[in-house]
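Annotation comment: Swiss-Prot describes 36, 140, 185, 186, 350, 422, 471, 487 as beta-D-glucoside binding site, evidence class similarity to another entry. The active site, proton donor annotation in Swiss-Prot covers 186 and rests on similarity to another entry. Among the features that Swiss-Prot reports, site 'Controls the gate shape and acceptance of substrates' is placed at 394, with the record citing similarity to another entry. The active site, nucleophile annotation in Swiss-Prot covers 422.
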């Protein structure tokens, strides 16, 4: 990882940043994912996913005991949500396709759900009718429960063929209008945090539960849900299973790209990437070579794990050296499919951490993912946080981190085209706040301003970043956190029919980045203002 960065060639505008500081073809948008917003878990022919099963069998492992059955009801309110995107003047909207909504049984042979096809056709057509470019994620972690039951999901290489078939169906049905595809969102997160690495679930890959049997009830198994897959080899560690899941995710990505390039590229002319989670790995002691090397290893285990195979067909050298035969090798044919299987790199950035060197564990049988890299992480140094915490846990606000991450990718991964596919911050869902108070999100406003300024600074220095998608468009159901964390530009009233209201950050984003503002630097507002985002707080209205 680079420690010496070039001097900026242009001044940056700081918190006065707006669309005019970026080139006309730079994309601004916001994102969501299917399970987190759609709801309608038992509507429209959708089958259950592993998240349906997990949240219903183990509600105690979701922070507020909730689930995504209703989420924020975007399945029924998608036209309203697209109207919001249009009012904000965004170029793009990122959403994911629910695999079990398209293929309730997980595979083509189990049947195609035409109601699901119709829903996404309607969504895409509505976006295009409103001059909004769709960015579509194929896999945002909602494995069909049917495939989990059949062969343990991504712990089995059987899923590669089923994912390829699912992807091909999506290209056939939607590719005439969708030109920007993301195969997999955060494979590191899925393999690790939502996988089998820790003693704290959800361990979604390993779930082997009774299916959701009928549309209105949820089957609760009489015995505990298995937390480790029954097909695991005797004697393997949970970390070994994490790498197995990651390996199959990479093969699934490559298979999807292959089928697109073989059958659709010439006529549809779409582009592809994976959305990879990043974190600025800052050496705890920058004068200590061991800590500098540890920070580099940490970035390998976070980002390089999934990026390096797309360049060389091999995992990062540090991972191969430390893991040895525990890390599977790619065959020559698999390497051919992996190398170059991207047009751009999607970067998800939220936070940063200090990294220091650590000794490897003496007992290899007790190896877990975070001991494999021989590094420690901490959010503080000498009692001082690396950045202020957004809430009670995990997200330290470190805007300079996105600048360093972008440079590291440029310098160490062949200078790719980059889109920021997620960047955002949460606030705690404080139910004591009034609606007016809940819309005041100064922390998010400053977070976005400061991070965008650092993105612009990186562009000035030659990083080929071409778009920025906020996470997220709206408050939604946040996986393990349930409804306790709010990431949205748009406030969603969970208690009154999921009514949508703009927060201060949404109003600022519209006024600074509306697509009408492409021409003049420092122009403050769109030329035509319908006032929808400036409703006085005493007269808040639903969209």
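Each Cβ is built from the backbone N, Cα and C atoms, and glycine gets one as well.
What you see is a predicted model, and the numbers here were worked out from it, not measured in a lab.
The structure, with features from Swiss-Prot marked on it.
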| residue | record | DSSP class |
| --- | --- | --- |
| 36 | beta-D-glucoside binding site | helix |
| 140 | beta-D-glucoside binding site | coil |
| 185 | beta-D-glucoside binding site | strand |
| 350 | beta-D-glucoside binding site | strand |
| 394 | site 'Controls the gate shape and acceptance of substrates' | coil |
| 422 | beta-D-glucoside binding site | strand |
| 471 | beta-D-glucoside binding site | strand |
| 487 | beta-D-glucoside binding site | coil |
Cβ proximity for residue 471 (beta-D-glucoside binding site), under 8 A, sequence spacing 6+, ordered by residue number, returns 30, 31, 348, 422, 423, 424, 487
Rounded Cα distance, in Å, between residue 186 (beta-D-glucoside binding site) and residue 394 (site 'Controls the gate shape and acceptance of substrates') is 17
All chains considered, the count of other Cβ atoms within 10 Å of the Cβ of residue 36 (beta-D-glucoside binding site) is 24
Smallest Cα-Cα separation from residue 394 (site 'Controls the gate shape and acceptance of substrates') among the binding-site residues 140, 185, 350 is shown by 350
Same-chain residues at least 6 positions away from residue 350 (beta-D-glucoside binding site) with a Cβ under 8 Å from its Cβ, in sequence order, are 279, 395, 422, 423, 424, 425
Residue 185 (beta-D-glucoside binding site), Cβ-centred 10 Å count of other Cβ atoms over all protein chains shown, is 24
Note: among recorded positions 394, 487, least Cβ-dense neighbourhood at 10 Å is 394
Cβ atoms other than its own within 10 Å of the Cβ of residue 422 (beta-D-glucoside binding site), all chains, total 25
Taking every pair from 36, 140, 185, 186, 350, 422, 471, 487 (the record's beta-D-glucoside binders), the biggest C-alpha distance in Å rounds to 18
